[in-house]
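**Student:** Sharing the features that Swiss-Prot gives for it:
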TRANSIT   1-36  transit peptide
BINDING   Gly51, Ala52, Ser53, Gly54, Gly55, Ile56, Gly57, Asp77, Asn137, Ile160, Ser161, Asn162, Met271  NAD(+) binding site
BINDING   Arg124, Arg130, Asn162, Arg196  substrate binding site
ACT_SITE  His220  active site, proton acceptor
Amino acid sequence: MEDAAAAARRMERLASHLRPPASQMEESPLLRGSNCRAKGAAPGFKVAILGASGGIGQPLALLMKMNPLVSVLHLYDVVNTPGVTADISHMNTGAVVRGFLGQPQLENALTGMDLVIIPAGVPRKPGMTRDDLFNINAGIVRTLCEGIAKCCPNAIVNVISNPVNSTVPIAAEVFKKAGTYDPKRLLGVTTLDVVRANTFVAEVLGLDPRDVNVPVIGGHAGVTILPLLSQVNPPCSFTSEEISYLTTRIQNGGTEVVEAKAGAGSATLSMAYAASKFADACLRGLRGDAGIVECSFVASQVTELPFFASKVRLGRCGIEEILSLGPLNEFERAGLEKAKKELAESIQKGVAFINK
């Protein structure tokens with residue numbers, strides 16, 4: 001039997017989340033890792049979400065808490081993390097959840113992580129392009145990647161923050177300056193383009209979208225998003241009108257959601273789904289599963305550009321192989337040239353941000 005003092009201490013710990021922290025910049029009882037019984041966690045990987053209180057971060061945290069490959073889930077943001085952490089932590093799944101609030105706790109959030117996912121930043125609003133977000137999100141990604149370089153340099157890093165065509169090069173430059181850059185471990189998340197392509201193609205063909213796979217190459221904004229409709233699985237053919245319609249809709253999928261939400265947000269739910277799907281693929285690769293192939297925006301030599309989105313095979317070290325683009329038809333070759341021109345500018349913009 002435990003004595004009265006021990007029982008009181010235990011009840012104090014259990015009730016600590018009911019009191020808000022005295023300051024957002026001070027560690028609250030909820031945020032202390034010592035209050036989590038880590039030894040009871042399921043076997044698996046340690047994952048951190050940076051920007052966990054945002055529109056993408058919250059549903060992404062929910063989905064990662066449900067992933068059986070996750071043993072420890074760290075949620076970091078500059079606001080509202082205690083509430084999100086308390087909410088998510090009540091789910092009876094295996095992952096132990098810990099919350100971290102504000103810049104002083106970034107290092108604790110990152111230490112020992114196997115996978116770091118970055119959805120942090122401001123969302124798109126009507127009339128905004130992804131590049132309009134650059135000046136704000138570029139600085140956020142730089143700060144977070146400096147923390148990663150210091151605290152978990154061997155982690156796999158999934159970059160969601162837009163514009164991905166620039167933020168991935170920013171992350172690479174930060175890691176280079178820190179001496180920790182490993183191109184195999186830095187991946188820009190373009191999975192939402194693939195998810196949309198699968199959905200829209202399935203609608204046109206009258207198929208189940210779960211049975212459709214459309215490679216999407218290039219980048220993650222506008223004309224840099226190039227679906228390879230000639231390589232759809234299962235094999236099928238499209239009219240020129242269908243090709244034009246599908247390509248345009250896939251490229252403008254993000255804008256479609258922003259306009260439909262009429263100022264109330266961007267594609268947060270579908271992005272969280274896509275991000276969790278890609279993160280799961282990375283974790284299965286880390287586990288050693290064979291045949292894990294996803295599209296991602298990575299350091300690449302498949303074109304003359306230093307970064308490019310294409311199919312990659314994932315494994316224990318992150319990217320194990322970057323697959324060739326395969327045969328492209330005339331429409332796709334023309335689209336590729338248009339995409340490369342815009343991509344080159346976006347990549348250089350990211351590099352210049354760090355080296356200015």
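Just so it is clear, glycine is given a Cβ too, placed from its N, Cα and C backbone atoms.
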**Student:** To the nearest Å, how far is the Cα of His220 (active site, proton acceptor) from the Cα of Asn162 (substrate binding site)?
**Tutor:** 9
**Student:** Who sits close to Met271 (NAD(+) binding site): which same-chain residues at least 6 apart have their Cβ under 8 Å from its Cβ?
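**Tutor:** Set apart from Met271 (NAD(+) binding site) by at least 6 residues yet with Cβ under 8 Å, we have Ile56, Pro119, Ile160, Leu192.
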**Student:** Which one of the recorded positions (Arg124, Arg196, His220) has its C-beta surrounded by the most other C-beta atoms within 10 angstroms?
**Tutor:** His220
**Student:** Helix, strand or coil at Asn137 (NAD(+) binding site), per DSSP?
**Tutor:** helix
**Student:** Could you state, as a whole number of Å, the largest distance between Cα atoms of any two of Gly51, Ala52, Ser53, Gly54, Gly55, Ile56, Gly57, Asp77, Asn137, Ile160, Ser161, Asn162, Met271, the listed NAD(+) binders?
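**Tutor:** If we measure all Cα pairs in Gly51, Ala52, Ser53, Gly54, Gly55, Ile56, Gly57, Asp77, Asn137, Ile160, Ser161, Asn162, Met271, the largest is 18 Å.
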**Student:** Which chain-mates of Gly55 (NAD(+) binding site) that are at least 6 residues away have a CB under 8 A from its CB, listed by sequence?
**Tutor:** Pro123, Gly265, Ser266, Thr268
**Student:** Could you state the whole-number distance in Å separating the C-alpha atoms of Ser161 (NAD(+) binding site) and Arg196 (substrate binding site)?
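**Tutor:** Cα of Ser161 (NAD(+) binding site) to Cα of Arg196 (substrate binding site) measures 18 Å after rounding.
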